[in-house]
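Enquirer: The following feature annotations were taken from Swiss-Prot:
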type: REGION; residues: 1-22; note: region 'Disordered'
type: TOPO_DOM; residues: 2-60; note: topological domain 'Cytoplasmic'
type: MOD_RES; residues: ALA2; note: N-acetylalanine
type: TRANSMEM; residues: 61-81; note: transmembrane segment
type: TOPO_DOM; residues: 82-113; note: topological domain 'Lumenal'
type: DISULFID; residues: CYS99-CYS450; note: disulfide bond
type: TRANSMEM; residues: 114-134; note: transmembrane segment
type: TRANSMEM; residues: 137-157; note: transmembrane segment
type: TOPO_DOM; residues: 158-292; note: topological domain 'Lumenal'
type: ACT_SITE; residues: LYS218; note: active site, proton acceptor
type: TRANSMEM; residues: 293-313; note: transmembrane segment
type: TOPO_DOM; residues: 314-361; note: topological domain 'Cytoplasmic'
type: TRANSMEM; residues: 362-382; note: transmembrane segment
type: TOPO_DOM; residues: 383-758; note: topological domain 'Lumenal'
type: CARBOHYD; residues: ASN459; note: N-linked glycosylation site
type: CARBOHYD; residues: ASN550; note: N-linked glycosylation site
type: REGION; residues: 732-758; note: region 'Disordered'
type: COMPBIAS; residues: 735-747; note: compositional bias 'Polar residues'
Amino acid sequence: MAVSAGSARTSPSSDKVQKDKAELISGPRQDSRIGKLLGFEWTDLSSWRRLVTLLNRPTDPASLAVFRFLFGFLMVLDIPQERGLSSLDRKYLDGLDVCRFPLLDALRPLPLDWMYLVYTIMFLGALGMMLGLCYRISCVLFLLPYWYVFLLDKTSWNNHSYLYGLLAFQLTFMDANHYWSVDGLLNAHRRNAHVPLWNYAVLRGQIFIVYFIAGVKKLDADWVEGYSMEYLSRHWLFSPFKLLLSEELTSLLVVHWGGLLLDLSAGFLLFFDVSRSIGLFFVSYFHCMNSQLFSIGMFSYVMLASSPLFCSPEWPRKLVSYCPRRLQQLLPLKAAPQPSVSCVYKRSRGKSGQKPGLRHQLGAAFTLLYLLEQLFLPYSHFLTQGYNNWTNGLYGYSWDMMVHSRSHQHVKITYRDGRTGELGYLNPGVFTQSRRWKDHADMLKQYATCLSRLLPKYNVTEPQIYFDIWVSINDRFQQRIFDPRVDIVQAAWSPFQRTSWVQPLLMDLSPWRAKLQEIKSSLDNHTEVVFIADFPGLHLENFVSEDLGNTSIQLLQGEVTVELVAEQKNQTLREGEKMQLPAGEYHKVYTTSPSPSCYMYVYVNTTELALEQDLAYLQELKEKVENGSETGPLPPELQPLLEGEVKGGPEPTPLVQTFLRRQQRLQEIERRRNTPFHERFFRFLLRKLYVFRRSFLMTCISLRNLILGRPSLEQLAQEVTYANLRPFEAVGELNPSNTDSSHSNPPESNPDPVHSEF
């Protein structure tokens with residue numbers, strides 16, 4: 001794909017002549033200290049015309065083209081994975097009763113076959129962008145479907161998906177096809193031609209904003225004090241740091257303070273020549289770590305691809321010049337670029353300078369307005385107050401990455417029949433494909449409205465919907481995020497007004513976090529604790545599972561009344577007091593103090609503890625028999641302990657079956673841990689191959705349906721079954737964790753077993 005032609009190749013001496021000529025056309029070199037430091041003089045900013053001339057200064061297109069190629073390539077990989085092409089039929093299957101969460105309620109997904117067409121157009125656009133083929137059209141073909149899919153589902157929003165759309169939008173207006181592109185092969189005027197400086201300025205400014213605003217957001221007290229990503233330091237990637245530091249100090253100094261300093265300084269380190277090598281090292285190390293720490297798709301690689309934009313624009317030519325001469329025929333041009341109408345050239349000897357035209361002024365205006373808008377949006381939450389909850393603004397465009405971590409203890413959805421008054425409960429997340437609605441008032445309103453349309457099909461008329469959702473943010477108390485007394489179907493919500501039924505985050509209780517950690521660390525390994533904060537006038541109805549044989553409630557602050565429903569008894573607790581709770585029964589905790597109450601459940605899962613003791617006994621017995629210290633024969637039902645599996649004979653007890661399953665699980669974990677790198681890498685490639693294979697086959701099926709019509713259901717079922725096959729993987733590799741790496745909503749595990757309610 002190299003944009004090379006025989007006439008375009010030159011000798012080293014002619015390269016030097018062309019380079020000198022290009023420099024002469026571009027104007028005098030910056031010899032002042034400011035010019036060397038910033039790349040321009042203060043006088044270049046003294047008037048609009050000078051600024052336009054600066055932003056349209058002819059610049060080497062090589063680095064921009066490399067970024068275009070890499071970004072397009074990464075989007076080609078992203079579409080089947082994080083955009084969800086491989087699992088599109090599961091998300092948009094026709095006829096599903098599913099509650100969706102678009103930005104605008106008028107946005108609706110197309111029928112499934114047409115959604116595959118949308119994704120096909122997006123994929124072809126990304127491919128054309130990468131190759132520089134029909135470049136401007138390819139950018140539009142990628143951009144429009146991308147933003148349609150993005151706006152169609154708020155539950156998939158995040159900072160990096162938003163960034164991809166911004167970068168594609170910027171590239172649409174740039175001349176990134178002036179180097180290393182098919183368009184350059186077909187059009188001599190575009191081949192190896194200058195691009196205006198603003199092409200680089202916009203991209204560099206965008207990446208600078210991503211880093212710097214992310215750093216400013218990390219000045220939040222929760223991040224500085226080390227509560228945002230408290231458990232991240234347990235990852236093996238931080239093992240080298242833990243040779244010198246404790247896990248707590250690694251979390252505080254490396255994860256939190258190190259992340260803060262890196263984000264604040266990365267843009268500056270990359271901008272200045274003297275510090276760029278340091279910046280490239282640290283941001284590369286940072287993004288390589290992130291690619292292993294988080295499931296963030298192509299984000300780490302896009303940021304790695306953007307880093308060379310801060311280097312000298314001609315760095316690809318210098319790289320090509322070091323390659324063997326024969327290989328250079330297959331690589332991009334290393335000759336100096338030719339003039340372009342997109343740029344403004346300063347006067348050379350004996351010639352007057354070029355006056356900026358309308359296109360040059362539009363390019364400069366676009367640069368300034370776009371960067372100002374990007375600086376404003378992360379702080380525009382005062383306009384979109386309806387999207388403010390415990391954290392401000394829409395999710396994705398604020399660059400507050402990893403600042404807030406949440407844990408959900410309890411979610412209860414209650415419906416009331418508007419005519420009969422009958423009460424009922426819904427499984428949390430019913431009719432949805434996501435868990436994200438639990439934290440956002442706008443999604444909760446959409447969910448309630450959707451449920452009010454679906455429940456009449458199940459003989460619930462005029463349904464009223466109530467949500468009781470308990471969340472802990474950054475290791476605080478579990479507390480309600482929404483008022484459970486409000487019917488969300490009828491509740492008012494506006495994107496521009498504060499949502500009245502969002503409960504405030506109890507910031508006054510934040511200092512309790514240190515005390516809560518002390519309490520946790522003082523408990524033994526078999527004792528669990530849940531910390532609760534509740535508002536005056538509200539109560540918590542809870543059930544203690546029969547497995548939790550030793551459960552107590554202790555008041556930390558305020559005053560509560562505990563009602564034992566079955567015994568019809570009430571007991572008031574004041575600060576420091578506690579009481580035992582009977583297992584297998586309901587109880588209610590009423591907050592009677594004028595200020596929020598704080599209390600904790602302390603419990604031991606006695607059933608689990610007994611099981612662990614029994615399994616430990618079986619393990620000890622197995623080891624004794626194997627080393628010869630146990631001479632007596634094992635009963636027939638315990639023989640599988642030695643054989644590792646059931647081979648006929650009496651049916652082993654449930655305890656023995658549990659022991660065998662655990663042993664098999666531990667052996668599989670050990671086997672995977674000791675698997676050589678090349679086998680792990682091969683398994684990784686097979687999983688990715690399945691994703692792309694299924695994406696391709698399902699797309700072909702849908703496009704065939706659009707062109708030729710749908711075949712019989714039996715044939716469709718056979719085709720989908722074939723698309724679901726994993727012909728490249730061994731049977732042993734087929735486990736639920738391998739089903740589809742692109743699935744954006746894995747099942748949610750219960751974080752604490754204090755039962756279905758808590």
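Backbone N, Cα and C define each Cβ position, glycine as well.
Give me the lay of the land around each of these features.
Expert: Tertiary neighbourhood of the transmembrane segment (61-81): same-chain residues 119, 122-123, 126-132, 142, 164, 167-168, 171, 174-181, 192-195, 199-200, 203, 297-298, 301-302, 305-306, 308-309, 311-317, 332, 337, 688, 691-692, 695, 741-742, selected by CB-CB distance under 8 Å and a gap of 6+ residues from either end.
Across the topological domain 'Lumenal' (82-113), the model assigns an average pLDDT of 93.
For the recorded site, CYS99 (disulfide bond), the DSSP three-state label reads coil. Around CYS99 (disulfide bond), the same-chain residues at least 6 positions away in sequence with a Cβ under 8 Å from its Cβ are PHE431, THR432, GLN446, TYR447, CYS450, LEU451, LEU454.
With a cut-off of 8 Å between Cβ atoms, the residues of this chain six or more beyond the transmembrane segment (114-134) that come close are 1, 65, 68-69, 71-73, 75-76, 79, 83, 85, 88, 92, 140-143, 145-146, 148-149, 168, 171, 176-177, 180-184, 698-699, 702-703, 706.
Distant neighbours of the transmembrane segment (137-157): 75, 83-84, 100-104, 107, 109, 118-119, 121-122, 124-129, 164-165, 168-169, 171-172, 394-396, 433-434, 436-437, 440, 442-443, 744-745; these residues of the same chain sit at least 6 beyond its ends, with a Cβ under 8 Å from one of its Cβ atoms.
Within the topological domain 'Lumenal' (158-292), the DSSP-based counts of helix, strand and coil residues read 98 helix, 3 strand, 34 coil.
Within 10 Å of the C-beta atom of LYS218 (active site, proton acceptor) sit 24 other C-beta atoms, taking all shown protein chains into account.
Sequence-remote contacts of a segment are chain residues at least 6 beyond its ends whose Cβ falls under 8 Å from one of its Cβ atoms, and for the transmembrane segment (293-313) they are 59-64, 66-67, 70-71, 74-75, 77-78, 81-82, 158-160, 163-164, 167, 200, 203-204, 207, 210, 232, 235, 237, 270-271, 276, 279-280, 283-284, 287.
With a cut-off of 8 Å between Cβ atoms, the residues of this chain six or more beyond the transmembrane segment (362-382) that come close are 51-52, 55-56, 166, 170, 173, 196, 198, 201-202, 205-206, 209, 213, 217, 342, 356, 388, 392-393, 397-400.
Cβ-based neighbour count (10 Å, all protein chains) for ASN459 (N-linked glycosylation site) stands at 9. In the three-state DSSP reading, ASN459 (N-linked glycosylation site) counts as coil.
On its own chain, ASN550 (N-linked glycosylation site) has GLN580, TYR603, VAL604, THR606 as residues at least 6 apart in sequence with a Cβ closer than 8 Å to its own Cβ.
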Enquirer: Which numbers of helix, strand and coil residues does DSSP report for the topological domain 'Cytoplasmic' (314-361)?
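Expert: Taking each residue of the topological domain 'Cytoplasmic' (314-361) in turn, the totals are 15 helix, 1 strand, 32 coil.
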Enquirer: Could you tell me the C-alpha distance between LYS218 (active site, proton acceptor) and ASN459 (N-linked glycosylation site) in angstrom, no decimals?
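Expert: Pair distance, Cα basis, whole Å: 49 Å.
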Enquirer: Can you tell me whether DSSP puts CYS450 (disulfide bond) in helix, strand or coil?
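Expert: Looking at the DSSP assignment, CYS450 (disulfide bond) belongs to a helix.
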